[in-house]
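According to Swiss-Prot, the active site, proton acceptor annotation covers 22. What Swiss-Prot lists as tRNA binding site is 17, 68, 70, 116. Per Swiss-Prot, the feature site 'Discriminates between blocked and unblocked aminoacyl-tRNA' maps to 12. Per Swiss-Prot, site 'Stabilizes the basic form of H active site to accept a proton' is recorded for 95, and the stated evidence type is sequence analysis.
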């Protein structure tokens, strides 16, 4: 397994989407940038907000695409092409309906599970699914008919606090991820529940 060299947080651009559940992946990268005291800045060549940080002794590229979710792959592919990154050097943070708020999971490879941002990313990477994922639990509304409104809705105060607590725990596991200690990172994160 290759070392993670870039962390990408998926979401939708604009203030009307900033606080929606679908932007939970972007919240991870924004929190990491704040923790690193390095602001994300608009970078046209990567179609998003970008920063290079030094975190836990590693140089890491951070990106929040400013494309809409279903076009995230364009930004991911642009970053990979510019820095000669392979898909297995990426950690992509995204919202996950199948996990409760207050929890998060790492995953290696796999399908898109109906997530439009992942679907477009897989396509833009030539159908290479070998990237790592950081799945941020947002819970499920209970009915497939309610999913679109749910992911584009804002979590309540307690739900957002639980999601933020899970993101904080993600940041505490990132040094292990960057060191290649996936077992340690997974063991810690997967046992956390806010």
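Here the Cβ of each residue, glycine as well, is placed from N, Cα and C on the backbone.
Structure with Swiss-Prot features highlighted.
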residue : record                                                               : contacts (Cβ under 8 Å, 6+ apart)
12      : site 'Discriminates between blocked and unblocked aminoacyl-tRNA'    : 20, 22, 23, 68, 69, 152
17      : tRNA binding site                                                    : 11, 23, 152
70      : tRNA binding site                                                    : 116, 117, 119, 120
95      : site 'Stabilizes the basic form of H active site to accept a proton' : 10, 21, 22, 23, 24, 25, 115, 136, 138, 151
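Maximum C-alpha to C-alpha distance over the listed tRNA-binding residues 17, 68, 70, 116 is 16 Å.
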